[in-house]
Amino acid sequence: MLPIENSIAGTVVDSYEELIVSRIPILSEYMYKITHSLIGLKGTKILDISEVHSHPQALQQCKTFLNEMGYKAVPVVDTGGSVYNLKK
């Protein structure tokens, strides 16, 4: 499955571009509800967080929450890798 649109963040441009270049046909459409999680080290309080490291698309989808909390959004290529780096 390839994400091509998000109801909050809009078009996933990289996906659209790949579909155009590769000429892969779209066979079906699937609507999927995305739920994001804020992950931190054990014992961390939500008010102690200052930065959120995640994929740019996820940061865009959570933009309102991040702004309301005053978090600095830090774009990274690999959200899972950021969790791993947090534990180091």
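Placement of Cβ uses the backbone N, Cα and C atoms for every residue, glycine included.
TrEMBL entries are annotated by machine, without manual review.
Per TrEMBL, the features are:
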- 1-88: domain 'Prephenate dehydratase' (DOMAIN)
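For the domain 'Prephenate dehydratase' (1-88), the number of residues in each DSSP class (helix H, G, I; strand E, B; coil) is 35 helix, 12 strand, 41 coil. Predicted-model confidence for the domain 'Prephenate dehydratase' (1-88) is 87, expressed as mean pLDDT.
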